[in-house]
Amino acid sequence: MNHVNKLRPATARRSSALKGDIRIPGDKSISHRSFMFGGLARGETRITGLLEGEDVINTGKAMQAMGASVRKEGDTWIVTGTGNGCLLAPEAPLDFGNAGTGCRLTMGLVGVYDFDSTFIGDASLSRRPMGRVLNPLREMGVQVKSEPGDRLPVTLHGPATPAPITYRVPMASAQVKSAVLLAGLNTPGVTTVIEPVMTRDHTEKMLRGFGADLEVETDADGVRTIRLIGQGELTGQVIDVPGDPSSTAFPLVAALLVPGSEILIRNVLMNPTRTGLIQTLQEMGGDIEILDARLAGGEDVADLRVRGSSLRGVTVPPDRAPSMIDEYPVLAVAASFAEGETVMHGLEELRVKESDRLAAVARGLELNGVDCTEGEDWLTVRGRPDGKGLGNAKGEAVVTHLDHRIAMSFLVMGLVSEHPVTVDDSAIIATSFPEFMDLMTGLGATIAARDE
Ligand code: S3P
């Protein structure tokens, strides 16, 4: 999907107390994997709660282009897979739009097949580094054609027999871990991934659910060794996707910041590899009650009651980054209204997200009057609890760089700033959270988009 020609600026203004009872759309990571594993497994996979954002829909289209059938009946997506090892050669380039997860995981999934597959994406995805996935695939025998710096478009061609590898993931990345494991699915023997720092574990959990022969060992230092026996059978599953904690972050922070708010957010995924933001906001004094914690489809899920709170600055340790990697932009917004200083460490991976998120956040904060300092891999924000002077009275817009989370984070900021906050584009929000505007205005937020 190409948003370059249809920017849709939006402005958020100081709002009165947010109230309501909401359900957040399905988790993006689990939704991508549901389409991928369903499309690969033998038989039918039935998915409810799927996130119908552009990123996930592009993954569904890619699986269709490789032989899976994908259709929707009522609220249920029904995927009929090809069977493991039986993907077909896509006839046209696979277009992943804005989605790093869709693109990188599918590179692993199909890259080891003995045919050509070509990967393209939007301007943001075309700037992102693919070498982190292409390098282990090269070790498995995959031929790679790519643009300089291993950028898209990329064409892969697997060997007659891929080689199983042992791969130590050099950065904290669930996408890299997952790409190697998915390549291992169509590789004879044992593919081993060593993960020094634990990242989201949806691939491991879900592959086991589909019947893959996969085991995980964690040593005393927390280093995980994941072994997958390739070329086994995968069988279709029934999946109910829980609400996305990364999307939850926006109404959650909004309700903490807008005085007098009280909202209930239902059915939120609480997998411990995803809850770093909630922990951090609680440490800052945020009133977040975790209700009815339960297990659903093998995942931790809960409802969250969130009330307007006075926040104070904290230091967020680097080892928390993997469990809240997508939440730093909105945490920086929360920190802008906290008493004192918030220091965030271990942010190097933010440089290679949908935008250079560390720079995009720092520029956006500065434009809206926040006192902050950007380091190579850290950010310090000095807050102003009353929001006085924050926002941009001249209406100058935050540059979102085709990054949905930058857009949503700064719209949350506008709800509590003295002056309005404008973002140059809100259309990109549809990649991960198409319901964002309606859901926020339904809670009482004053946000409006305008077409240019
Ligand atoms: C994801 C992994 C993370 C995250 C992304 C989703 C996944 O990326 O930022 O939004 O579903 O595996 P990295 O692997 O690049 O950290």
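Counting starts with 1 at the first residue shown.
Glycine residues also receive a Cβ, built from the backbone N, Cα and C atoms like all the rest.
Marked as domain 'Enolpyruvate transferase' by TrEMBL: 14-438.
Annotated 3-phosphoshikimate binding site per TrEMBL: Lys28, Ser29, Arg33, Ser173, Gln175, Asp326, Lys353, in sequence order. The secondary structure of Ser29 (3-phosphoshikimate binding site), as reduced to three states from DSSP, is helical.
Within 10 Å of the C-beta of Arg128 (phosphoenolpyruvate binding site) we count 20 further C-beta atoms, all protein chains included. What TrEMBL records for Lys28, Gly100, Arg128, Gln175, Arg357, Arg405 is phosphoenolpyruvate binding site.
The local packing around Asp326 (3-phosphoshikimate binding site), expressed as other Cβ atoms within 10 Å of its Cβ over all shown chains, amounts to 25. Annotated active site, proton acceptor per TrEMBL: Asp326, in sequence order.
The binding-site residues near ligand 1, defined by a Cβ under 6 Å from one of its atoms, are Ser29, Ser173, Gln175, chosen from Ser29, Arg33, Ser173, Gln175, Arg357. Here Arg33 (3-phosphoshikimate binding site) is compared against the binding-site residues Gly100, Arg128, Arg357, Arg405, and the shortest C-alpha distance is to Gly100. For the 3-phosphoshikimate site, whose binding residues are given in the record as Lys28, Ser29, Arg33, Ser173, Gln175, Asp326, Lys353, the maximum C-alpha distance rounds to 19 Å. For Asp326 (3-phosphoshikimate binding site), the binding-site residues whose C-alpha atoms fall inside a 10 Å radius of its own C-alpha are Arg405, out of Gly100, Arg128, Arg405. The binding-site residues close to Gly100 (phosphoenolpyruvate binding site), defined as a CA atom within 10 A of its CA, are Gln175 out of Ser29, Ser173, Gln175. Comparing C-alpha positions, Arg128 (phosphoenolpyruvate binding site) sits nearest to Lys353 among the binding-site residues Ser29, Ser173, Gln175, Lys353. Under 8 Å, Cβ to Cβ, and six or more positions away along its own chain, Ser29 (3-phosphoshikimate binding site) finds Thr101, Ala174, Arg200, His202. The two recorded residues Arg357 (phosphoenolpyruvate binding site) and Gln175 (3-phosphoshikimate binding site) have their Cα atoms spaced 18 Å from each other.
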